[in-house]
Amino acid sequence: MTDDIGPMRCLCYRNKYPELKQHMKTYNCNGCRMDGRGEGYMCDECDYTLHSQCMYPSNKITPSFSRGDDIFEFMKEPLSTSGQGIRYCDACGMRIKGFVYHCYKTGFDLHPCCASLGTHLEIDGQRLTLKKESSQNKCDLCNLDGVNKSGRIDFGWFYASKNKDYKYHVSCIMILAIKHSISGGSALAKVESLPIVEKKRRGKDGSKYWKVLKAIVTYVIAIVFGDPTAIVAKLIVESVVQLGELL
């Protein structure tokens with residue numbers, strides 16, 4: 001369910017729109033105020049930049065991973081409710097600072113980019129599903145240097161296989177991506193050097209484990225940074241990732 005209300009206009013001229021451009025460096029979206037990379041919309045005159053998802057928001061959406069009757073409404077600012085304080089995206093775990101989709105029924109908030117996350121991913125024959133649970137179950141990326149969720153109620157949503165051999169929080173991947181983007185490093189390089197990852201790579205299905213982990217990290221970073229087209233298309237063409245619909 002969608003009801004488009006975009007495109008957004010520039011701040012400098014009422015009838016002017018930001019133009020589609022390719023960004024080589026990380027930029028900050030003036031809509032959701034989250035980082036972006038690759039493709040985005042920019043106006044050089046007013047220094048106004050938007051993710052594609054923030055440039056063309058919808059009035060109401062039902063994300064593929066939500067129940068059919070869970071309707072999320074677009075807001076330019078997070079809902080201000082007395083006593084609730086700061087609001088966080090239920091998918092990636094990061095703070096809501098600007099554009100957001102809010103569900104009054106569930107109380108969930110989603111960044112516009114995070115609302116595009118796929119429900120099911122088929123990676124090298126392994127099916128992973130986007131889930132949310134109240135318990136603070138850890139994934140292979142939890143408790144790493146720089147991955148601090150002490151201020152959060154829970155760890156957010158995660159991709160997991162049915163047998164739980166594969167489980168990765170979207171928030172863990174996000175924090176790693178942001179940290180290593182700032183330092184000029186690679187989130188994948190950091191993940192590859194983790195003791196638990198090195199241990200599993202030496203196991204019976206080590207090559208498959210690394211292939212799945214590498215694909216899911218690449219996929220999540222592409223989606224939440226607002227530049228899914230090139231990277232996700234490449235993964236799909238290579239038959240590494242297949243997007244599934246809500247069952």
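Note that Cβ sites are derived from N, Cα and C of the backbone, with glycine treated the same way.
What TrEMBL says about a protein is an automatic prediction, not a curated fact.
Residues annotated as domain 'DC1' in TrEMBL: 22-55 (among others). Within the chain carrying the domain 'DC1' (22-55), a Cβ under 8 angstroms from the stretch's Cβ atoms is held by residues 6-8, 10-13, 16, 76, 94, 97-100, 111-113, 115-116, 178, 181, 224-227, 229-231, all 6 or more beyond its ends.
Marked as domain 'DC1' by TrEMBL: 82-115 (among others). Regional average pLDDT for the domain 'DC1' (82-115) in the model is 88.
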Tally of residues which DSSP labels helix, strand or coil - the domain 'DC1' (22-55)
4 helix, 19 strand, 11 coil
